[in-house]
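Engineer: Annotations per TrEMBL:
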- ASN85, TYR88, GLU89, CYS143, SER178, ASN226, ARG231, SER242, ALA243, LYS244: Mo-molybdopterin binding site (BINDING)
- 104-260: domain 'Oxidoreductase molybdopterin-binding' (DOMAIN)
Amino acid sequence: MLIKRSPNGLDVPFSSEITPRAVFESRRHFMKQLAAGTLGSAALLELASREAFAQGVNPKLAGARNPAYSAMDKPTAYKDATSYNNFYEFGTDKSDPAQYAHTLKPRPWTVTIDGEVKKPLTLDLDALLKLAPIEERVYRLRCVEGWSMVIPWMGYSFSEIIKKVEPTGNAKYVEFTSLADKKQMPGVGSRVLEWPYVEGLRLDEARHPLALLTLGMYGETLPNQNGAPVRIVVPWKYGFKSAKSIVRIRFVKDQPRTAWNVAAPQEYGFYSNVNPEVDHPRWSQASERRIGEDSFFTRKRKTLMFNGYNDVASLYTGMDLRKYF
Ligand code: MTE
């Protein structure tokens, strides 16, 4: 008989190898419910999540790749995409979110969708996951700071949500509000931004099929540091337009007051379309560094208008994009 030795060289397992009692019990309960066929998809995900979290990994989230909306660029390594982040609710250093976002509790979670709509809704994670088929879309995301990543996101067009709530004729903009809970987010309370983090889009921008209601990345649910459990990704705009950990979506008449525009209006406009021809007042926006590929010593790559998503140009016909930066 083969005796499996523990990798610590002793015949006792590491503490991490012992299934915690709570996990073991939930597993037993889960098996009973599974046999009885009484579990919904969210309950399955919830239990799979608990299992996965106990093992320190994110639960899987399946979705077929949509080639029509996928960049051919090489995706950024998962490790880079999850360790070099902006999520000021957890601190301002790039490494802070990965270090501190474990205190965020992404389940249970609800998103309230209201304002100028005929059918306001409050959706839990189950409802969000079931609202439309999940797709994988490989998008470039460029940060206003001059770096970019390529990420296989999982989600569906935000327009699916718009269809469900039926905006009234008064709705001209969509406002996205992130969670701001000091107990879960140590950076909330710092004065670097006004909390909660708010972002916004014009209604026709929000309706563009590229605007992605995002529930996962790399075939998994979102890691906390990337905005679990639900965020928006708007690939033709600077990264800060893509609000994380969203709790409220409001359809409004007037242009929303957005976090970065309030903090520094001369530096961050409402539109914030990626535009190599409009410099930030303190630096050029003409080039960028691809995280994990371009080093500080290699030439930066050229930034593309609308981050290369030229399809969105018609949204801005007749607008002076220097004025509406
Ligand atoms: N959303 C919230 N709530 N708080 C933030 O600080 N940072 C933004 C955006 N969304 C931010 C946020 C910025 S500046 C960027 S570049 C992207 O998230 C980064 O997303 P990523 O870490 O998943 O790449």
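Using the three backbone atoms N, Cα and C, a Cβ is placed for every residue, glycine included.
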Engineer: Using a 6 Å cut-off on Cβ distance, which of the binding-site residues ASN85, SER178, ARG231, ALA243 come close to any atom of ligand 1?
Structural biologist: ASN85, SER178, ALA243
Engineer: Which chain-mates of SER178 (Mo-molybdopterin binding site) that are at least 6 residues away have a CB under 8 A from its CB, listed by sequence?
Structural biologist: GLU89, PRO196, TYR197, VAL198, ALA243, LYS244, SER245, ILE246, VAL247
Engineer: On the 0 to 100 pLDDT scale, where does the domain 'Oxidoreductase molybdopterin-binding' (104-260) sit on average?
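Structural biologist: That stretch averages a pLDDT of 98.
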Engineer: If H, G and I count as helix, E and B as strand, and all else as coil, what does DSSP give for ASN85 (Mo-molybdopterin binding site)?
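Structural biologist: Where ASN85 (Mo-molybdopterin binding site) sits, the three-state DSSP reduction gives coil.
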Engineer: Using only the residues recorded as binding Mo-molybdopterin (ASN85, TYR88, GLU89, CYS143, SER178, ASN226, ARG231, SER242, ALA243, LYS244), report the maximum Cα-Cα distance in Å, whole number please.
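Structural biologist: Taking every pair among ASN85, TYR88, GLU89, CYS143, SER178, ASN226, ARG231, SER242, ALA243, LYS244, the longest Cα gap is 18 Å.
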Engineer: CB neighbours of ALA243 (Mo-molybdopterin binding site) within 10 A?
Structural biologist: 25
Engineer: Count the Cβ atoms, other than its own, that fall within 10 Å of the Cβ of ASN85 (Mo-molybdopterin binding site), considering every protein chain shown.
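Structural biologist: The Cβ of ASN85 (Mo-molybdopterin binding site) has 26 Cβ neighbours within 10 Å.
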Engineer: If one looks at the chain holding ARG231 (Mo-molybdopterin binding site), which residues at least 6 apart in sequence have a CB under 8 angstroms from its CB?
Structural biologist: THR214, LEU222, SER242, ALA243, LYS244, SER245, ILE246
Engineer: Does DSSP give ALA243 (Mo-molybdopterin binding site) helix, strand or coil?
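Structural biologist: Once the DSSP labels are grouped into three classes, ALA243 (Mo-molybdopterin binding site) ends up as coil.
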